[in-house]
Amino acid sequence: MKSTEVKNRTSADGIKCLRLITAVKTPYLPDGRFDLEAYDSLINTQIDGGAEGVIVGGTTGEGHLMSWDEHIMLIGHTVNCFGTNIKVIGNTGSNSTREAVHATEQGFAVGMHAALHVNPYYGKTSTEGLISHFEAVLPMGPTIIYNVPSRTGQDIPPPVIEAISRYSNMAGVKECVGHERVKCYTDKGITIWSGNDDECHDSRWKYGATGVISVASNLVPGLMHNLMYEGENVMLNEKLLPLMQWLFCQPNPIGLNTALAQLGVVRPVFRLPYVPLPVEKRVEFVRIVEAIGRENFVGEKEVRVLDDDDFVLISRY
């Protein structure tokens with residue numbers, strides 16, 4: 001199948017309207033395989049909490065720790081089980097254009113509604129190379145570009161985004177650089193999702209962002225939905241800031257993985273190189289849950305600190 005022959009399941013406009021997209025966690029069984037029962041429960045919780053889209057196999061979902069077979073399988077599983085109730089956005093980006101093209105073809109073939117694409121990392125390229133890389137995948141279907149220089153080591157500058165915004169499949173940008181960059185794009189009519197939970201309220205209500213691609217919504221989807229839909233709410237934002245800051249006290253998804261295990265909604269299994277937060281941070285999380293209200297968090301079990309020995313670290317998976 002040629003890249004240009006892959007049929008869209010939705011249009012870019014069907015993605016641009018989404019305000020709350022969750023970068024969903026991938027849970028594991030003790031042997032390191034996907035725990036699809038726990039995963040399905042997480043997705044159902046997102047739907048019930050008001051999330052309109054999920055990023056599958058993103059940074060938060062540990063796509064970089066998956067084989068491509070695992071990756072495409074999980075995208076297809078999500079589409080088949082939940083695709084009529086939530087938009088499925090597959091992270092099919094790569095620092096290799098060849099891999100990005102092939103994975104994106106496969107992702108759209110199994111029915112994903114849109115692709116998420118990061119700029120080539122480690123083996124960085126020129127401005128012209130960035131444009132050519134994105135132009136290789138944009139014809140296939142709706143696409144969100146992901147700019148996270150803290151991870152890739154290279155900013156995607158505005159001239160690149162402006163150059164590729166002429167493509168009908170260009171849905172928008174997940175932008176992590178900050179409010180000024182958000183406003184730079186929204187003033188030009190380019191759809192932007194904040195990639196920073198702690199900035200998303202102001203990005204949405206003061207700088208014109210459409211919404212957020214969120215980590216925190218894995219834990220409190222209903223409250224994040226309120227933050228994106230119910231107008232400026234400084235009190236709610238301030239209430240959630242300690243949670244958002246806690247989640248990123250170490251590189252994502254370490255905090256989220258630890259929190260979901262403490263809430264009892266996933267097994268405390270980590271694919272290395274990720275390891276759980278130390279016990280003092282786990283104690284802090286219990287206090288944060290109590291302050292925000294356990295009823296606002298996913299799951300129904302009592303939040304626990306957990307012992308170090310409760311966690312399983314997997315090096316072969």
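Glycine is treated like the rest: Cβ placed from N, Cα and C.
These come from TrEMBL:
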- Tyr146: active site, proton donor/acceptor (ACT_SITE)
- Lys174: active site, schiff-base intermediate with substrate (ACT_SITE)
- Thr60, Ile213: pyruvate binding site (BINDING)
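Annotated features, which come from TrEMBL, shown on the structure.
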residue: Thr60; record: pyruvate binding site; contacts (Cβ under 8 Å, 6+ apart): Ala23, Val24, Lys25, Val215, Asn218, Asn252, Pro253, Leu256
residue: Tyr146; record: active site, proton donor/acceptor; contacts (Cβ under 8 Å, 6+ apart): Gly93, Leu116, His117, Val118, Asn119, Val173, Lys174, Gly195
residue: Ile213; record: pyruvate binding site; contacts (Cβ under 8 Å, 6+ apart): Ile21, Thr22, Ala23, Ile55, Ile144, Lys174, Trp193, Ser194, Gly195
Please give me the CB contact count at 10 A for the residue listed as 'active site, schiff-base intermediate with substrate', counting all chains in the structure.
25
